[in-house]
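A quick write-up on the structure given underneath.
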Amino acid sequence: MLSLKMPQLLRVHQVPRVFWEEGIMSGYRCPTSSALDCVLSSFQMTNETVNIWTHFLPTWYFLWRLLALGSPGFRADPYHLPLLVFLLPACLYPFASCCAHTFSSMSPRARHICYFLDYGALSLYSLGCAFPYAAYSMPASWLHSRLHQLFVPAAALNSFLCTGLSCYSRFPELEYPGFSKALRTAAFAYPFLFDNLPLFYRLRLCWGGAHSCGRDALSSNHGYHLLCALLSGFLFAARLPERLAPGRFDYIGHSHQLFHICAVLGTHFQLEAVLADMGSRRAWLAVQEPTLGLGATVATLSLAVIGNLFIIAAFTASLLRMPGPCPLLQGSPLEEGLQAKQQ
């Protein structure tokens, strides 16, 4: 009879430095877990369990939205193509994150590679956002401007920059954690700021009363999305509350869990806001020439996927060539001072 035993959990001083999370003192999985152990650990309360489920369940929600909206009649209308393109990476990024958090304890190398793929999925999501924004959310005065025409191609280039910087940020993480964190934060903040330029401009136009905005009036869901994005960025960078009370939020309530929740809520509100723009502006946009047709959309997506996979492969190859004893793959024991702090 098959008997499954839940993996043993470790404290921070029992795992290599590469696995440490600031302010998280317990609930670590064995750093040489098997794939089965990793899957089983998702049903055990560890410091990663909530991280896994807060992105696994939303994956199915966004997939349901994609299937519901992607009915044959809806899919046949070219006007709806940018929305469907957006939903593809909206399904991908939480799934990639879920897998990264599940299998990151197999080895130091596996941990880095898992997060390389996670970062690549987020970069593609940033590109996916650009398609509906270019199609439905551009300010009226920007329509067919040079910025409008280059918006999606620039977002594709931004995805390469995002993947490259975020993957690179893992290499100096142990020696220069502050620099690594700043680099990774900037890698994701820049594509977000670029993608949302149309919304920021419309918000400026409408500040003080939507009655004067005309076609540039914003849905309240745009505001909720931007608020969730702001909270996500703050939680990702600040590492609160666990940084103020190490060990108190190891299993429930630490910043990465809250970051996941804010991120998926932001994506939900973003989808609702895009649907609102798509519906309210359709009569006006229907007479405008689309910036990208089916062929250009497929080509842009294909090149972006190939380019991001190439970047991930390059960093993975560099990682695999590193000798086993290097600090990035081994780390060192926790200093006595930190051991005393956790007691």
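Glycine is treated like the rest: Cβ placed from N, Cα and C.
Per Swiss-Prot, these features apply:
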TOPO_DOM  1-49  topological domain 'Cytoplasmic'
TRANSMEM  50-70  transmembrane segment
TOPO_DOM  71-79  topological domain 'Extracellular'
TRANSMEM  80-100  transmembrane segment
TOPO_DOM  101-112  topological domain 'Cytoplasmic'
TRANSMEM  113-133  transmembrane segment
TOPO_DOM  134-146  topological domain 'Extracellular'
TRANSMEM  147-167  transmembrane segment
TOPO_DOM  168-216  topological domain 'Cytoplasmic'
TRANSMEM  217-237  transmembrane segment
TOPO_DOM  238-257  topological domain 'Extracellular'
TRANSMEM  258-278  transmembrane segment
TOPO_DOM  279-291  topological domain 'Cytoplasmic'
TRANSMEM  292-312  transmembrane segment
TOPO_DOM  313-343  topological domain 'Extracellular'
Which of 50-70, 80-100, 217-237, 258-278 contacts the transmembrane segment (292-312) most, counting Cβ pairs under 8 Å: 80-100
Cβ-based contact of the transmembrane segment (258-278) with the transmembrane segment (147-167), 3 or more pairs under 8 Å: no
Segment-level pLDDT (mean, integer) for the topological domain 'Extracellular' (238-257): 96
Same-chain residues at least 6 beyond the ends of the topological domain 'Cytoplasmic' (101-112) whose Cβ lies under 8 Å from its Cβ atoms: 16, 18-19, 28-35, 37-39, 41-42, 48, 51-52, 55, 170, 319-320, 328-331
The topological domain 'Extracellular' (238-257) - residue tally per DSSP class, helix then strand then coil: 4 helix, 0 strand, 16 coil
For the topological domain 'Cytoplasmic' (279-291), residues assigned helix / strand / coil by DSSP: 6 helix, 0 strand, 7 coil
Composition by DSSP (helix, strand, coil) of residues within the topological domain 'Extracellular' (134-146): 7 helix, 0 strand, 6 coil
Distant-in-sequence neighbours of the topological domain 'Extracellular' (71-79), which means Cβ under 8 A and at least six residues beyond its ends: 135, 278, 282, 285-286, 290, 293-294
